[in-house]
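Q: Okay, here's the structure, questions in a sec.
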Amino acid sequence: MSHKGKAIDAPATEDLDYLQPGSVVEVSHENNDCLRVWYTATIIERRATSTNDERYVVQFIDIYQDRNSGTKLLLEYNSVDIRPLPPPLPPRKFKAGDMVEAYYQNGWYEGEITLMLDNYNCMFQISSRFLLFGVNQVRHHRTWFNGDWIPPLNLYVTKSIWDEDLTDRMMEIDSNQLEWETDSGSAETSTAGTGNILEKTKEEEFSEGERVEVANIDEDGFNQAWLAATIVKPVENNRYIIRYETLRTGNDTGFLVKEMDSLHIRPPPPDIPVPHQFKMFDNVDALYKGGWWKGIITRVLPRGSRYKVHFDNNGKVMEFKHSDLRLHLDWIDRKWTKPSP
């Protein structure tokens, strides 16, 4: 079907430029989880009705009604659910709490960054899952209102802090991660599948297939949490390719693969008995957003099955059930030690 169409029952001059047939736009759609998603589509025609003459037929660009025949999906939307295609902007540095749109399953999902792993990857919640996206898959959220973008576009252009070289570096990192993920598939099957760990060399602190925990370092250099991972393979200068066990890629095709320094990798804590009930001021790790966060028990709730935990890194207090806590241990000089009260 052609992307061109003829307006019905209304002259085209009455419509805004981006609502003309043939224009590429974004349409707002709510999925089953009541999340707002923006999909790219083409205006086909204006469709007047007895109650509302501001409706338009659009054809999706990346969503098929029948993939075998190549037929793209056609739907009808009100003009208030259609906006122009946002112009490309220079990439910017993100931080936890930023309102953004993340590209996932052919659409831009509105939401909030819940965690920055580093300058290149952030965590974003979609429904009940936390997914990891590269910053080139995320854009700042803006609202199209009365013919203008809010916040104005010039704010993003004048405050851009990244140059083209860094953008190229981001794309290079993403492509390398895809290579690592592909190359490591057979290696993981041959080691982790049988439980055999390859023997360490003298220079290597960790082995292929070994389960570890890796630090989540924020933009200020502080460790926020420890996340479960598997060593994929060692690289030079005490660095390793690791695969997370709880963080998935932005397109949800597998677990995120990343290169890490050995200083930010440690073995899993030893299995020690968990007390039947934690006590006030116990040092604990709380399972939150796919990682273990250090905190202190500040309150034991009735019946002792739930607790208030004060996080060390950000001062927040949150409630956790007993099964999501473990006693905190410190990894110092390659030894596990119990912290002082």
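Any Cβ shown, glycine's included, is placed from N, Cα and C.
Annotation comment: TrEMBL describes 178-194 as compositional bias 'Polar residues'. Marked as compositional bias 'Basic and acidic residues' by TrEMBL: 199-209. The domain 'Agenet' annotation in TrEMBL covers 17-90, 92-146, 204-273, 276-333. Residues or ranges marked as region 'Disordered' by TrEMBL: 178-209.
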Q: Could you count the residues of the domain 'Agenet' (204-273) that DSSP puts in helix, in strand and in coil?
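A: Going by DSSP assignments, the domain 'Agenet' (204-273) contains 3 helix, 39 strand, 28 coil.
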Q: Would you mind giving the whole-number mean pLDDT across the domain 'Agenet' (204-273)?
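A: Mean model confidence (pLDDT) across the domain 'Agenet' (204-273) is 85.
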Q: What does DSSP give as the helix, strand and coil breakdown of the domain 'Agenet' (92-146)?
A: 3 helix, 34 strand, 18 coil
Q: Based on DSSP, tally up the residues of the domain 'Agenet' (276-333) by helix, strand and coil.
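A: When I sort the residues of the domain 'Agenet' (276-333) into the three classes, I find 6 helix, 33 strand, 19 coil.
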